[in-house]
C-alpha cells in the first residue's frame, strides 16, 4: 500500500521531462487511491463504532426493563421477575445466534424467511458485520422482555424458558425479516424495487416489529393464564395489586428513556452520509439522527404530561406510575415514524398515545384482563397507533432521504393512501402472525400444566415457592398470616423492655444473632 505522505522530493524527479507524464499520473493516482482507501476504512470504522455504541444503549434497556418490572410487582415476586429478565437476554442470545438472525437477515432469501447465516456461518459478509448482529440481538431480547411483564407474578419458570427462546428464535425474526430485510415482502428497502403498494412499510425502529410483537404475545399469555389471585373480587370489582417500589419504576423508566436514544436514532445503522440537499453540506444523516432524537424526546414528554393531567382529572391523583407508563407509551408509538416526521407531529403522536393507553387500560378492567405492567396495552396498543401514525404524518422530504426518490409520504402530508395502506397491512399481519404462533404455544403450555404456578405458590409468592427466599426482608400489605410468619421473614423489632402490641408481631420478630 502506498504511503499517505509525500514531498516535493518525491515528485521532482518525475517532472524533469515530458516523457515522465505517465509516471507522474501513476504516482498521483496511487497517492489518491491510498487516501481514498483510508477514508473508506475510516467511514466503516466510524459507522461500526456508531452502531456498536447504539447496540450498547439498546442492551442497557434490559436494565431498565428489569428495574421497571421489579418495581411494578409485589415484593414477594421480585427475584422471580429479575431472573426472567436475565433469562430473556441469556436464552435469547443463544436462540438468536443459532436461528433467529438467520431467519431475519439471512440473505439472499425469499420474502417470508431468511435462510443463511445460521450460527453466524459465513458472517460477516457484504450484508453486514458483527456489530449489526449485536444490535439486532438487543432488539430481539427487548421484544421478549415486553412479554415477560404481561405474565408476571404467576408464571412457571420453565414457561419463560420456552416462550423466550421461541419468540426470539422464530416469531420475532420472521416479522423483522418481512419489514427490515432487503428481501422481505413488506420491506421498504427491497433490492428488487417491488415494494408493497409502491411504498413498503415504514416501521423505522419497530413500533410494530418489536413493540407489537412483544405486546401481542404478552396479551395472549396473560389472557390464557387469567388474572392474578385477588386482582378481581367475587363481584368482579377491580382490586389494585400495586407494585412495591415506585422508586424502581422511575429508575427503570429513565434507563429506558436513555436507551431509546440507541433504539431510534441508532436504527439508521450508519452516520457518515451526506444527503447533499441544495448545497447544504452541513446537512446529512447525522442531522437526521439528531432530528430522530428530538422527535423521540418530544413524543415521550408529551405523552407523560398528557397522562399526568388526564389521570388527575379522571382519578384525582398525581400518579408517578401512570406518568412513567404514559412516557413509555409515547416512546413506543414514535418508534415507527421517528425518522420521517416533523417534531410538531411527534407531539401529536405522544398526545394520542397517552389516550390510547388510558383507554385500553379502562377496557382491560372491563373485560377482567390482568397485565401487571400494562405491557400489552402500552406496547401493543401504542405500538399499533405508532405504525398508523407514520402512515398519516410521514414527510415527503424525509421519506425520500431515507427510502429513495418518489416514495409516497403520509396521507395527511399530501402523499395519498399508499403508505397508510401498507401500515394498516403491517398492523393486521403482525397481530395475526403473533396470534397463530404464540397463542397455541401458551395454550399448549397451559394444558400441560407448565404455564401457571399453583394457587398456594402464587399466594406465598414466587420468590419463596420457586427461588428459595425473598429479595427483601419484609412483607407486602395483604399477605396472609402463613406467609408473614415464616421464620426468615423480617418484622419489626421492639426496643428492649417495650410491650409488643400483639402476639402476631411477636411471631414476625427476627431472631437475635
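Every residue gets a Cβ built from N, Cα and C, even glycine.
Given the ranges 200-224, 275-299, the record in TrEMBL names 200-224 as transmembrane segment. Outside the transmembrane segment (94-113) by six or more residues, the chain places 119-120, 127-128, 132-133, 136-137, 140-141, 164-166, 168-170, 172-174, 176-178, 180-185 with a CB less than 8 A from a CB of the stretch. Outside the transmembrane segment (420-445) by six or more residues, the chain places 159, 162-163, 166-167, 170-171, 174-175, 178-179, 186, 196-197, 199-203, 208-209, 212-213, 216-217, 220-221, 224-225, 336, 384, 387-388, 390-392, 410-411, 451 with a CB less than 8 A from a CB of the stretch.
Beyond the ends of the transmembrane segment (344-364), by six or more residues, the same chain brings 294-296, 298-304, 306-307, 310-311, 314, 325-326, 329-330, 332-334, 337-338, 370-371, 374, 376-378, 381-382, 385-386, 389, 393, 395 to within a C-beta distance below 8 angstroms of the stretch. Counting only same-chain residues 6+ beyond the ends of the transmembrane segment (376-394), those with a CB under 8 A from a CB of the stretch are 146, 150, 201-204, 207-208, 210-212, 214-216, 218-219, 222, 325, 328-330, 332-337, 340-342, 345, 348-349, 352-353, 356-357, 360-361, 364, 369, 409-413, 415, 419-424, 426-427, 431.
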